[in-house]
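Chemist: Annotation source TrEMBL lists domain 'HNH nuclease' at 75-128.
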Ligand SMILES: [Zn+2]
């Protein structure tokens, strides 16, 4: 359970996860009538003269589900690795992030841009072999053509908090899609530089 022992999972009206908050913040939401309790717990916080129970999972009341998403995933090294499934797009090798690198399909020396469509994950061996050549010159076939990724926000949620099957409270697991995060953290994904800005602002609640 680890670092999530004193946290509350907040769901939206569709029962999709939107935030992990401290027990104190979860209690404030509940006390203010902003959320309904989905799952109670025996965990308590202590006030001056009494203690209060704090739930494990709450659901935002009267919160319209998010309809717009800003901009999509940020263009970053980690997000390109994620899009490519942590696999070299030239030889299909998969391993720790420390042995992966990024490669321009059309080398920048030949006018290649640094975009979703021209950058792929490559292992260090392929990256060296390729050098400043194009894949056509080397006769390499890509695993799949690169494009701007469409990653499902539910699968991205655990990445923001470092949630995996190993450290998620068991009672949260039915509400989380941990498949992407389990794979990502196993190969050294760094959760710090993450992700979709829309995700972090949709609730209108600040703590
Ligand atoms: Zn390779």
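Keep in mind that glycine also has a Cβ here, set from the backbone N, Cα and C atoms.
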Chemist: Mind tallying the domain 'HNH nuclease' (75-128) by DSSP state, helix then strand then coil?
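Modeler: Going through the domain 'HNH nuclease' (75-128) residue by residue, I get 18 helix, 12 strand, 24 coil.
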Chemist: Can you check how the pLDDT averages out over the domain 'HNH nuclease' (75-128)?
Modeler: 92
